[in-house]
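Lifted from Swiss-Prot, the feature list:
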type	residues	note
BINDING	Gly123, Thr124, Asn125, Gly126, Lys127, Ser128, Thr129	ATP binding site
Amino acid sequence: MIPVRGFEGKTVAVFGLGRTGLTAARALIAGGAKVALWDEKPESRQAAVAEGLNVVDLTTSDWSDYAALMLSPGVPLTHPKPHWTVGKAKAAGVEVLGDIELFARTVNAAPEHKKPKIIAITGTNGKSTTTALIGHLCRQAGRDTRVGGNIGEGVLGLEDMHGGAVYVLELSSYQLDLTSSLKPDAVVLLNISPDHLDRHGGMDGYIAAKRRIFLNQGKGDTAIIGVDDPWCQQICTEITAANRRTIWPISAGKAMGRGVYALQGVLYDATGERVTEMADLLRARSLPGRHNWQNAAAAYAAAKAIGIPAHQAVDGLMSFPGLAHRMETVGKLGKVRFVNDSKATNADAARQAMSSYPKFYWIAGGVPKAGGIDDLVDLFPRVAGAYLIGQAAEDFGKTLEGKAPARQCGDIETAVAAAYADAVASGEEAVVLLSPACASFDQFADFEQRGEAFRAAVNGLGKPAAKRA
């Protein structure tokens, strides 16, 4: 745990008692603060009381008693409308912050010899894979590495800092909205496409949240920016003009005079005086597809930015084992391979997986995002069959009509069985791809549970029907 500094003897209100909120409360107490915890779910309050934490009804308490409000990232700060705790905090002149901000202030207050290296990663898609990949590269190079934030452990639950440590942090737009003091040694902005627009008041607000990750960088720091979409390209241009830090653009599709890029699966380093071919990513263990080439370019650049030798970074790329639910092969029956890409919760993420196969049997659906799958129409000729589930099934069927064969399946078990039957009937090598292009909350707790349901359905195909039931 990282004890939070700066609130010794003061009381911090904490709203939202999930993983982030409880971890922050413990870290605040460890640093000498007092806490007042609240959650609208009675079971969450009861769990906090059982742990011996101080639960206070923030709807009726005196907010002038609080030095700050620690808001969990899932709670709206501004849109669709500010949460009631935000209103009470602002009315009382109480600052609102998140766990990443608490971490940042603690780092900033530490003596120079105790300050760790920080690599911060954001973007619409690929954050978790890139974060895990950078963590793997750092560990393989012998660095004392802690990976967390929006992936795995909450940042304040990670092991306490020292001067030789490296913190590799995935940051969501929600977390960045609540952060103002973080100063990463290396920042990775992978890509931007429309997502979470209801929480940011539109595309401009979403881009502004992502851009906050660069707020405090200066001389000696490195900004690593994907330039394969227009929004990130614009940010790269503007930040380069500011001329305050090292800028390394990254791309998975175009050669550049400076930065790191991949062409046809070959990774090139153009951060020095000449362009050097570094690795054949087609031979990497778990980095299939163009989107993963961008992730690899980002990870290589981030490792180099904190002083890891190029050959060690390349070794890490080649040995990376991959992450569950991100283009994860979960089984093969005969000629049919099953790929779990449950993390694809929007169309742009699904595009990355769909672009990796010339033909596939596609399981899609759930809670749709704005625009549905309209932007994927250019990939429909690759769809040998679509098997639709969840709330989006009917609308997706209409979008696919006349463009690709589609079937209403309702649930994931039915979809897997139908896709497998059609794939076998083709007599060819085939891929059944779960890449839903939707959130999961209509049928599952989260994308992980959806991915595990897919895995279970695939495993069930190899068993007699009576046992599957």
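FYI, residue positions are counted from 1 along the chain as it appears here.
Cβ coordinates are placed from backbone N, Cα and C, and glycine is handled just like the others.
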Under DSSP, is Asn125 (ATP binding site) part of a helix or a strand, or is it coil?
coil
Take the mean position of the Cβ atoms of Gly123, Thr124, Asn125, Gly126, Lys127, Ser128, Thr129, the recorded ATP site. Which other residues of that chain put their Cβ within 8 Å of it?
Ile121, Thr130, Leu190, Asn191, Asn295, Ala349
Counting only residues 6+ away in sequence within the same chain, which have a CB under 8 Å from the CB of Gly123 (ATP binding site)?
Thr130, Val188, Leu189, Leu190, Asn191, Ile192, Lys210, Gly226
If I restrict to non-local contacts, at least six residues apart, and a C-beta distance under 8 angstroms, what lies near Thr129 (ATP binding site) in its own chain?
Asn292, Asn295, Gly322, Leu323, Arg326
Chain-internal residues, separated by at least six, CB under 8 A from Gly126 (ATP binding site):
Leu190, Asn191, His291, Asn292, Gln294, Asn295, Ala298, Gln352
